[in-house]
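Written below as structure tokens is the structure these notes are about.
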Amino acid sequence: MASARKEAEARLLVSSPPLDSEESDEERAYDSDEKVAISISDEDEYAAAEAAGSVPPFSWRKLWRFTGPGFLMCIAFLDPGNLEGDLQSGAIAGYSLLWLLLWATVMGLLIQLLSARLGVATGRHLAELCREEYPAWARVALWLMAELALIGADIQEVIGSAIAIKILGGGSIPLWGGVIITALDCFIFLFLENYGVRKLEAFFGVLVATMAISFAIMFGETKPSGKELLIGVTVPKLSSKTIKQAVGVVGCIIMPHNVFLHSALVQSRKIDTNKKSRVQEAMNYYTIESSVALALSFFINICVTTVFAKGFYGTQVASTIGLENAGEFLQEKYGTMLFPILYIWGIGLLASGQSSTITGTYAGQFIMGGFLNLRLKKWVRSLITRSFAIVPTIIVALFFDTEDSTMDTLNESLNVLQSVQIPFALIPLLTLVSKEQVMGAFRIGPITKVVSWIVVAFLIIINGYLLVDFFSAEIRGPFLESSVGAALVVYVAFVIYLILRSCALFSRQKNFSSSSN
């Protein structure tokens with residue numbers, strides 16, 4: 001009956017964690033005294049909005065107070081792995097894949113908005129909810145997959161920072177030295193976190209602005225074709241020669257750890273999850289803020305892609321350009337113009353690497369704390385999550401030369417490592433945002449659900465192609481082939497389990513809705 005359904009929704013809203021709940025021993029993304037106060041509307045205005053089933057009128061001041069989480073989230077769209085994908089796309093495919101970059105960013109925005117919706121509506125982040133939703137064995141498996149994805153991303157980000165430090169140091173600082181310097185960013189993170197969420201967000205805002213200015217200067221100096229840029233963004237083109245770059249463009253956009261991160265970041269604001277008007281208002285502001293942040297990330301990616309399209313598309317060196325030698329190629333091509341382009345590239349790359357490694361540390365805290373329900377001091381969790389990536393990265397820096405082709409193989413391996421984790425972040429996300437027992441009145445509707453599953457299926461297929469392409473090229477010998485085959489069977493079985501569990505939950509929910517009506 002309708003009355004029974006309303007009572008169920010009321011229980012769901014009441015069961016959400018209170019605004020300043022301190023009595024729970026469970027891990028929380030932010031303590032109540034760390035959260036940013038939002039409410040600048042008077043209580044009468046909120047009461048009227050609640051009664052009318054709407055939200056208070058738009059406020060620029062309030063939007064400013066919500067601004068922050070989206071710009072931390074967008075850094076995953078600008079990490080060194082994405083920049084490498086951009087420059088290789090531009091050098092090999094020219095302007096032809098810009099349309100795909102646009103739509104990949106739109107798909108990324110959809111996924112991140114679902115992540116933010118989950119965090120705002122429930123007051124909990126994805127890792128915490130996965131701990132409650134899945135049995136112990138699946139929970140541990142999801143945690144390990146998330147940690148592996150984070151380690152793979154962090155290695156690339158730390159190596160990217162180390163390359164930038166080597167460039168800016170005139171080649172005098174070895175790669176391993178740059179890795180150690182980058183490792184110290186953990187202490188920068190801890191220092192800024194002690195001064196509050198807004199100070200930390202301002203720091204990341206400066207790093208994103210540094211990237212935007214650096215790559216905009218490169219764009220201005222090299223003067224890519226505006227006509228070709230416009231055609232590339234609006235006219236879809238894809239050939240057999242650019243399939244690998246196309247897969248790279250899409251595959252780099254969705255980072256598994258970023259899905260976990262965004263659902264936690266949105267909880268840095270004080271939102272009363274017991275009041276629908278305040279939850280809806282927060283979702284509206286986060287949608288605006290995240291859209292602006294990803295529009296900025298799209299601009300930065302466009303700048304990098306078109307600079308390398310202008311300088312190297314159709315040249316003999318196009319297929320040899322990577323993150324480690326891109327600065328040298330830029331210097332040889334353009335020399336010293338108004339600004340020394342090698343150092344402008346180095347500054348932008350350093351901002352990218354530093355910001356993404358620190359957000360990786362942040363994400364690692366939430367993932368470990370959420371899945372394992374650990375109540376550790378922040379500096380302990382930061383050191384643990386930092387060491388997970390730094391130790392293997394130092395090994396990589398000592399044994400791999402950035403000029404060696406093995407570094408390219410390593411990067412491809414790390415991309416594959418992150419790609420195989422995509423289903424283990426996106427399927428649980430869609431399962432939870434579709435579940436009425438979790439989301440209450442804010443579960444996604446049927447149209448959004450269908451579109452989201454289509455996007456997730458597309459992303460899984462794209463990353464599956466990357467996986468098959470890598471293994472077919474790199475795996476040799478009966479022992480390795482059989483080992484990979486066995487691992488693949490387990491992997492596919494786990495993905496199928498997650499999908500079937502989601503379908504079963506949907507069927508039960510549909511039956512409940514039918515009986516209520």
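Backbone N, Cα and C atoms are what each Cβ position is placed from, and that goes for glycine too.
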Can you dig out which of the ranges 142-165, 286-309 TrEMBL describes as transmembrane segment? 286-309
If you check TrEMBL, which stretch out of 59-77, 420-438 is marked transmembrane segment? 420-438
Recorded stretches the transmembrane segment (286-309) and the transmembrane segment (92-115) touching, at least 3 CB pairs under 8 Å: yes
Which stretch from 92-115, 203-220, 420-438 shares the most C-beta pairs under 8 Å with the transmembrane segment (342-363)? 203-220
Are there three or more C-beta pairs under 8 angstroms joining the transmembrane segment (92-115) and the transmembrane segment (420-438), sequence spacing 6 or more? yes
